[in-house]
Amino acid sequence: MCETASRTLPPGIEPISGDEARRLIHHTSGPELEALLDRAEAVRRAVHGDEVALCGITNAKSGRCPEDCGFCSQSARFEGADAPVYPMIGAGEIVEQARKAERAGAREFSIVASGTRLSREQELATVEDALRRLRAETAVEPCASLGLMREPELRRLKDAGLMHYHHNLETARSHFENVCTTHTFDEQLETIRAAKGLGLKLCSGGILGMGETPEQRVEFAEEVRDLGVDCVPVNFLNPRAGTPMEHLKAITPEECLAALAVFRLMMPAAHIFVMGGREVNLGDRQHLIFRAGANGTMVGNYLTSAGRAPDLTVGMVERQGLTLRPPDTGKAWAFDGHAPSDADWNRKAAEPRPRALPVVR
């Protein structure tokens, strides 16, 4: 899914400045938004072509997290939150979920675990076992999102077959204390830099709609850009009941699209993925994420909420004249062009139906 954020750009493609980004982030309506989307789409096509990568995940360990991230229903500090709670699942179950994701078109598969970091040797050993099996038994590119991991543990995971490490900055430094107080922004940077130092491909982004200003969205993008990450996952807040952010008003679809487009113009070489919250925040305009510059998205379920059936996501990609990008593992890909439907997919509890929205054009 991720190659390098330092790739050579085609002639005529240059990242925009922070000052220009702070101006364009307010282009959220009419001809200004149309022009912004067209510009982002042109950059996406010039740098990344018309391939889209899909990412699948497993919630390998859920709930009872000691952190207080205000958006997350897995925090043990929020009594009203209702995320599932269970210990680390077995390596076999992780591999089986990866096989399902691969058949659904996933290029990358991420093992996600709640908590500050993996704190038990048994948990780390389970992930190592799963990574070895993923490399041996599937074609997907293995990723992990395991919190504030340190260099020795990350090295073990890399030796077991880890290709990508995911750790979100979540938001701008100036807004971070409004989101989380139990760890610092700099602690997050330490983990990301440790993974980069080991040669792992980096995936780091955040969530929009957590009360930040448009200017702070640009600040956040500048910080991600300066880390030189390969992939930027962009989520839109889907407020979870019982969390401090459950009553936040959603940002508009136009704001979502404008932010994506600005991020593409700021980071033309990065792979930009639209992940959680796209159904709730964009509704009938989900397909416009590619016009706004994204070249990847999620397939299947999220951590604690249901996603669309895989065939709907694959169909959305294909209707835009785009094709799925296969893994770079050199192995035969299990995706045969036909993603599972709702009837075939083990979905989680139903989410509220996305609101219908008029198309932009």
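Including glycine, each Cβ sits where the backbone N, Cα and C put it.
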> Do you know which of S62, S73, S75, S110 Swiss-Prot groups with C143, C203 in the [2Fe-2S] cluster site?
Replying inline: S110
>> On average, what pLDDT score does this prediction assign to the domain 'Radical SAM core' (47-278)?
In response: 95
> Cα of C69 ([4Fe-4S] cluster binding site) to Cα of C143 ([2Fe-2S] cluster binding site): how many Å, rounded?
Replying inline: 22
>> Given a separation of at least six residues and a C-beta threshold under 8 Å, show me what packs close to C72 ([4Fe-4S] cluster binding site) in the same chain.
In response: C65, A81, A83, R240, T243
> Which residues in the same chain, at least 6 apart in sequence, have a Cβ under 8 Å from the Cβ of S110 ([2Fe-2S] cluster binding site)?
Replying inline: C55, G56, I57, T58, P142, C143, A144, S145, H164, H166
> Got a sec? Which of these binding-site residues, C65, C143, has the most Cβ atoms within 10 Å?
Replying inline: C143
> Near the Cβ of C69 ([4Fe-4S] cluster binding site), how many other Cβ atoms are there if near means within 10 Å?
Replying inline: 23
